[in-house]
Amino acid sequence: MPSGARPARPGVGGAFRGAAGPGCDNGAMNERGPIESWLSDMDGVLVHEGHAIPGAAEFLDALRSSGKPFLVLTNNSIYTRRDLSARLGSLGLRVPAEAIFTSALATAAFLAGQRPEGSAYVIGEAGLTTALHEAGFVLTDLDPDYVVLGETRTYSFSQITRAIRLIEAGARFVATNPDPVGPSMEGSLPATGAVAAMITRATGVAPYFVGKPNPLMMRTALNVVGGHSESTAMVGDRMDTDVVAGVEAGLETILVLSGVTRSDEVERFPYRPSRVLDSIADVVPLVGA
Ligand SMILES: [Mg+2]
């Protein structure tokens with residue numbers, strides 16, 4: 001059962017009658033104006049296991065020709081936006097670097113607002129170190145304001161030990177995203193949330209997670225596109241990150257079933273997306289609407 005799921009079927013008594021299923025609309029939620037700007041998750045929506053999902057290229061083409069602002073949002077903090085733009089391009093998906101927003105960028109924006117020209121000890125890859133540098137942070141292991149943990153494929157015992165000692169000495173603990181595992185072609189990989197749990201276990205200090213499902217990521221993205229919550233849609237494949245963060249940020253939410261969520265899992269959650277569609281191909285007609 002997914003986290004946040006309810007053991008009993010909701011809707012008994014009719015409060016949730018007409019729960020969203022594939023192709024169904026949540027009528028009350030759709031009494032909104034037209035969608036003027038778009039946010040979209042990446043994995044499970046536009047790409048899946050190294051392939052473009054059918055309809056993704058058409059969705060991006062429709063956005064471009066509509067002139068509506070959009071951002072591709074990802075909790076992946078390994079890559080810079082230029083890296084991700086190139087990776088998507090190699091799959092036939094044209095997304096300019098400026099239209100990509102990662103949990104690393106959200107974390108850097110958050111920290112720059114909290115403590116301008118602050119300092120951080122970083123465990124992470126270029127996506128995170130570049131974002132923090134560009135936000136005016138100094139990266140150091142000498143008395144930093146923050147320990148910032150992101151995703152990496154080369155976690156080292158000495159780095160984790162250093163992070164633990166700095167937190168014990170008073171550094172604040174921030175992490176890009178809470179995901180415990182990430183996908184790879186060979187199977188699951190331990191991700192930021194799993195390593196954060198190890199540091200928390202050792203220090204007794206829990207991190208502040210900036211990425212999805214923190215609605216801060218959505219609100220920061222809204223500011224980046226210059227959008228308003230009531231006229232912005234979020235497309236995602238996860239109920240417990242994309243949809244809940246979109247709901248909390250006041251967005252229209254569209255769940256697609258091309259990623260990790262099956263249609264029979266949707267109504268187990270205490271929150272619902274505005275729409276449930278099979279894939280991004282079904283979202284294309286909504287772009288011009
Ligand atoms: Mg996803």
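Using N, Cα and C of the backbone, Cβ positions are placed for all residues, glycine too.
All TrEMBL annotations are machine predictions without curation.
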Binding-site annotation, TrEMBL, Mg(2+): partner of D41, D43 in D145, D179, D237, D240: D237
Count of other CB atoms lying within 10 Å of the CB belonging to D43 (active site, proton donor): 19
Same chain, 6+ residues apart, C-beta under 8 Å of the C-beta of K212 (substrate binding site), given in sequence order: D41, L73, N75, S103, N177, M218, R238, T241, D242, A245
